[in-house]
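Residues or ranges marked as domain 'DUF2427' in TrEMBL: 33-133. As annotated by TrEMBL, domain 'Protein YTP1-like C-terminal' applies to 161-401. The signal peptide feature in TrEMBL is assigned to 1-26. According to TrEMBL, the transmembrane segment annotation covers 50-72, 79-96, 108-132, 152-173, 185-208, 281-298, 310-330, 342-359, 379-402.
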Amino acid sequence: MPDMSLRRYLPFLLLALGIRLVPVTAHEHHAEEIPEGEAVSPDPLDSILWIHIFTMMAAFGMVLPFGMVLGLVRSRWHVPVQVLGSVLAVLGWFLGHAHKGRQFAPNIHAAVASSLMGMLALQVGLGIYLKLHLEKGWHALARRHLVRLHGVVGKVMPVVSWTQMLFGGITAMGFCRADHQGQCLAHFIMGSSFIGYGIVMVIILFAGQAWLKRTRKSQEFWDSLVITIWGFVNTFTEHRWGQEWAHNDIQHTSMGVVWWCAGLLRLWLSRGGDGRPKRNLIPGIVIFLTGYAMSAHPQHLPLSTMVHSVFGYTLMAAGLARVIEIAFVLRDKPALDGEPSSFQHLTPFLLFASGFIFMCATEEQLALVSSVGIDHVSYLLVLYSVSFLMYLFTMVLVHTYVSNPADVKPAGPEERGMNGHADRRVHDAEEFELEGLISEDEGEGEGKPE
């Protein structure tokens, strides 16, 4: 009965509403402890703030993304995992307003926090409503649109969560203010782009071949389209027009020019003479050239010079691996028959590593590392370790998605993908989180009274 279900989920609904009712200004910290011209007070991070940091990382970085994938495969564990993630997020949110120790000036992390928690509250509320299966009268029309809204918000949340976690680290250290803001934007946006590119490569490698076949486009076509647009943006945004050209401005702008020039060639080569999608090596070459340019990027600190050099070498290795993969492993085929080869993991992992290295190579970060006596080898080994863990978590999510659990109906022979995996995931990818779970429940409940 709907009223029984409503009573069952009422505590979670009240919890979601409570998030929105507690204003961000509720915590009683005072800004007078912050020295003039600084972004943070000299106090250390206290234990409550550390718990806040790790709780939020667990909630938005691990539990909620894993629950999202469980929703896509229609697992019965989707709702419990998402409830756990929501509880952790609410706990971490309150802890963030109860800490002592280091105080912070008004910052973007605090500004985005309310929006992210609002998105989570909206997801919880939509999930509760959709699980009630109210389909009579105006609910029939509302349900259709709310299912789509639930999917859109669910797709946006991981990106916003990643951005908010980056903002949290920047805020905790008081970085990226005044003259450092532009450099921070460049490092964190481009570093995140490399990691995102690696994630997309992994998804296409294991679950996207059927989608590529349906679009009648090669992977290089989509790579080329994105990098061409990115090149145009870089060409006209890396230099502040009306001011004198600095050496870094010239390098960044020239890289943007290379990207869109090569991107236009890639778009042409991605379509064969018979109109069929065709592989090409240009994306790998552009990644290699970008790494070469960054390896010789001028820096002020010796530590920064070494870190940027290794970043460039890592990116060059990623581009070279991509060229070898297409030309010699795949031999211009869209994919291998059966499971991907071990070599095909090399390019996305190196993109992960280069992304993390670049994000952690800003002037302020490296000045801090240098001041405590950490050498570039130790620093880079830590960043590679984080890259291994991030790649592991990505593979866990992708494996969960493609593993065809028992409660998902197997696809027919006509739905088989080019790499041997079922193409049922193409349909599932158009839905999100509870949408798949709801569809299953609706199918089971047809003809049964609520």
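From the backbone N, Cα and C atoms, a Cβ is placed for every residue, glycine too.
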Cβ under 8 Å, sequence separation of at least 6 from the ends of the transmembrane segment (185-208): give me the contacting residues as numbers and ranges.
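Distant contacts of the transmembrane segment (185-208): 162-163, 166, 170, 176, 219, 230, 238, 252, 315, 335, 340, 344, 347-352, 354-362, 390-391, 394-395, 398-399, 401-402, 417, 419, 421, 425, 429.
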In the domain 'DUF2427' (33-133), how many residues does DSSP call helix, how many strand, and how many coil?
69 helix, 2 strand, 30 coil
Which range out of 50-72, 152-173, 281-298 gives the transmembrane segment (379-402) the most CB pairs under 8 Å?
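Against the transmembrane segment (379-402), the leading stretch is 50-72.
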Averaged over the domain 'DUF2427' (33-133), what pLDDT does the prediction give?
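Averaging the confidence scores along the domain 'DUF2427' (33-133) gives 91.
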